[in-house]
Amino acid sequence: MEFLPLFHNLRGSRVLVVGGGEIALRKSRLIADAGAVLRVVAPEIEAQLSELVVQSGGEMILRGYSESDLDGCVLIIAATDDEPLNAQVSHDARLRCVPVNVVDAPALCTVIFPAIVDRSPLVIAVSSGGDAPVLARLIRAKLETWIPSTYGQLAGLAARFRNQVKGLFPNVQQRRAFWEDVFQGAIADRQLAGQGAEAERLLIAKIAGEPPPETGEVYLVGAGPGDPDLLTFRALRLMQQADVVLYDRLVAPTILDLCRRDAERVYVGKRRAEHAVPQEQINQQLVALAKQGKRVVRLKGGDPFIFGRGGEEIEELAVHGIPFQVVPGITAASGCAAYAGIPLTHRDHAQSVRFITGHLKDGTTDLPWSDLVAPAQTLVFYMGLIGLPVICEELIRHGRSADTPAALVQQGTTVNQRVFTGTLANLPQLVAEHEVHAPTLVIIGEVVKLREKLAWFEGAQATV
């Protein structure tokens with residue numbers, strides 16, 4: 001190990017930065033974030049750096065570097081493009097035994113800056129010893145995606161009760177076991193879900209020796225329209241810690257594969273007019289599994305609150321006092337339209353958009369057709385394939401032009417995506433000609449014309 005990682009408390013201490021340009025600004029921001037007082041020396045100092053110095057309560061010296069500039073400083077940074085000057089700053093700092101960093105010159109440094117993941121008070125540093133800084137930044141980027149921002153709040157919660165726990169458990173091993181249980185259980189789950197008050201209540205109860213609640217938790221997770229890359233970080237994290245996963249027909253296998261490998265998987269998919277599992281039974285199943293102390297992911301295609309019946313499921317959970325979280329997903333309308341190259345709103349074509357269920361009941365749909373034919377709006381029909389002839393006929397009958405552009409997006413956002421464009425008049429015919437099947441989204445409006453020049457994603461087939 002060439003460099004020993006250490007964390008320095010610079011709050012209120014003076015740090016010298018030699019240089020007044022972009023590189024100096026970048027380093028100074030990091031130093032100022034740590035609460036240091038900046039002393040910047042350079043013949044010219046750019047405006048943003050000047051503002052930063054003032055905010056830190058520091059000083060600007062508008063001249064060339066002098067050895068006396070090191071007086072009273074606990075850290076020195078050379079951030080110029082003048083190599084001889086950088087070498088001189090390094091030499092002077094070493095003589096005084098003051099830590100020095102020279103940007104992009106590891107041989108002149110006694111300290112180096114790592115790539116930092118800041119979840120204060122939790123801070124993670126990644127360093128290559130100056131040999132491969134780009135690699136260190138890439139690793140940091142991966143860590144940023146894996147570690148939720150709420151981990152800082154979790155660390156803060158632990159800090160507030162650290163002394164109390166230390167008094168309760170004088171033995172180091174006992175304290176370690178206590179905190180490991182906290183960070184891997186319901187308390188951490190509540191804090192990471194943004195339920196800080198509940199997390200603190202559970203921690204206080206645990207310190208008091210109260211038995212932990214036996215009830216598990218339900219995570220209502222939106223899986224998005226199909227592309228696994230469109231999952232949120234939180235969705236992925238909860239999927240990987242679930243004991244049981246209840247999933248729908250619209251959840252792609254590639255997304256299901258991202259769940260914890262040993263999790264029990266229960267299919268509760270639905271098709272039109274045929275429910276594999278009745279909704280009431282799904283609700284009861286969620287309650288029963290949570291009461292067994294299990295962490296349950298209810299995985300739904302798209303967004304659980306947009307034609308996903310998620311509201312009904314969490315209502316049942318609330319009645320039984322089951323803790324739950326809701327993780328939004330990218331709904332099919334926005335995901336499929338984006339991948340089809342169809343903006344749902346556009347200044348020249350549509351100032352509003354409506355999401356509508358296209359399910360038929362007794363051969364018709366009970367919709368406000370007069371409102372749906374208003375100009376300058378986009379209509380997006382979910383589950384509208386079976387009822388498409390009725391939808392097109394009613395829109396035309398109520399005044400929408402038969403030449404209105406329209407599109408069918410089948411299996412949008414996936415490698416099997418197919419897009420067919422036409423008009424209200426011939427859209428049902430396109431379904432028959434191209435054997436279009438569910439899941440398919442219907443988009444109606446002038447914005448569909450933009451697909452001709454905005455299409456970017458190549459699926460299995462695209463017909464214009």
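One-based numbering along the chain as shown.
Placement of Cβ uses the backbone N, Cα and C atoms for every residue, glycine included.
These numbers come from a predicted model, not from an experiment.
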S-adenosyl-L-methionine binding, same site as P225, G301, G302, D303, I306, T331, A332, M383 - Swiss-Prot member from G194, G269, G412: G412
Recorded positions: E22, E44, D248 - member with fewest neighbouring CB atoms within 10 Å: E44
Nearest of the recorded positions (I23, S128, D248) to G302 (S-adenosyl-L-methionine binding site), judged by Cα-Cα distance: D248
Neighbourhood of A332 (S-adenosyl-L-methionine binding site) by C-beta distance under 8 A, where only residues 6 or more apart in the same chain count: P225, G301, G302, Y382, G412, P439, L441
Distant-in-sequence Cβ neighbours of S128 (phosphoserine), under 8 Å, six or more positions away: L135, A136
Pairwise Cα distance for I306 (S-adenosyl-L-methionine binding site)/D248 (active site, proton acceptor) [Å, integer]: 14
Spatial separation of D248 (active site, proton acceptor) from E44 (NAD(+) binding site) - C-alpha basis, Å: 62
Between E22 (NAD(+) binding site) and D248 (active site, proton acceptor), the C-alpha gap once rounded to whole angstrom: 51
